[in-house]
Amino acid sequence: MATLERLLDLLREYHLDDVLFHNSTPELGIQHRSRPKQKRIIRGKKQQKSKKLKRNEQQQPFPKGDLETLRRFSVTDVKISKQSTKWAKKMADKHLEIIRKHCKTNSIKLFNHFEYTGSFYEHLKTIDADELDIMVALSIKMDELEVEQVTPGYAGLKLRDTPSNRNKYNDLTIADNYGRYLSPEKVSRWFFSLVQKAVNTYKDEIPQTEVKLTDNGPATTLVITYREGDKPQEKNRRLSIDLVPALLFKDKTKPAGDDLRAWHYVAKTIPKGARLKEPLPFRSELLWRQSFSLKEKHLMDKLDKDDNGCRREMVRIVKTIVKKDPTLAQLSSYHIKTAFLQYNFSDVKLDWEGKKLAERFLHFLEFLRDRVKDKTLNNYFITDLNLLDDLNDSNIDNIANRLDKIIQNETERAKIFTTQRQ
């Protein structure tokens, strides 16, 4: 009898008693296991399986459509706190107002005003509010210059040969056989000197604040270090402000809203090593780059307002990934913004509802990868200006392969999204 009871215990342990004794067997003193108990056993198996799936999901936390992972990454690694944004704006406004007044007083014929552009003012800045971009609008008028379009995106700005112009801007121009051209380098040096004098007048008057000025190519960079603060996170904070001279022209013969009505040029020349389709028939150091910063800001201002979409959040996530990845970091913020403009403002209607963030994210990465593979990412406003001409073929191939790996491989994506902000 003991042997029989041992056998029954073994059958129950391996859940075989229902198979052998599917009917009651009173002669052996065996009662058939009740159905509710059997259901509890089956439910227990499902729970074990569910836990196993969850463990697998934790190992691969970004399957397609995983909105939660993107949202979490956006909060922990991408978004800038309101306090940080408020601090940067307050600090910038304080210093820029002093500089603006000095420039207005000491260079009334040349300095006009500041234009607040770039990712901070487009609400596309990520990680930290530590860099700002300002266009310095000069007072030179369009009817004083002849714009000579030399290559897509770049132009020479020649002073018109008129009696009123003959003694103007002598310190800012370079003469050649064709006339006098406004020099980006000379204009940048002039503005640096003007701002340096402004900074010297007040840098020792603001307590707990160190102000330095650096010559960063075409930009005059104001570096503000705040040594003390009411809050721990404010101590030793740095804010870098790039100030770039610009000419903002309006062709009044064109109707309002016409893309050709506004012509903006900044004191930035062609990058060294840029691949050009044809040799320049012009001295490259005299070229000014055409700018669309104000138009881009206008487009970005409208984002997500009508449909409460996730466009800005998606762009910020991509920018953060690109910035942190050694291979992708060869792409500039402007590359990402240009690709987004093409992607968002195409003829294809996209669903930007918040719950579609993960779908839009992967789809945009595919769009960017395809542009890079084709080695063609044209300026949104100048379709024959390829922004990838600044990169060599080897780097472009590496970027394309890296994007492809992130898109196709969930493990690679997991590595990106588990990296926390330092």
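A Cβ is built for glycine as well, from the same backbone N, Cα and C atoms used for every other residue.
Remember, predicted model here, so these are calculated numbers, not experimental data.
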Out of D66, D242, D347, which is the one Swiss-Prot records at the GTP site of T117, R289, Q290, S291, F292, S293, L294, K295, E296?
D242
ATP binding, same site as S119, E296, S333, Y334, H335, I336, K337 - Swiss-Prot member from K109, K319, K349:
K319
Have a look at the binding-site residues S119, E131, S333, Y334, I336 and say which one has the shortest Cα distance to S291 (GTP binding site).
Y334
Take the Cβ of D242 (Mg(2+) binding site) and count every other Cβ within 10 Å, whichever protein chain it belongs to.
19
By a simple count of other Cβ atoms within 10 Å, which of R289, K295, K319, H335, K337, the binding-site residues in the record, is least packed?
K295
Around the Mg(2+) site formed by E131, D133, D242, list the extra residues of the same chain whose Cβ is within 8 Å of the site's Cβ centroid.
G118, F120, L132, I134, A219, T221, S240, I241
Which of T117, S291, S293, S333, all binding-site residues, has a Cβ with the fewest other Cβ atoms inside 10 Å:
S333
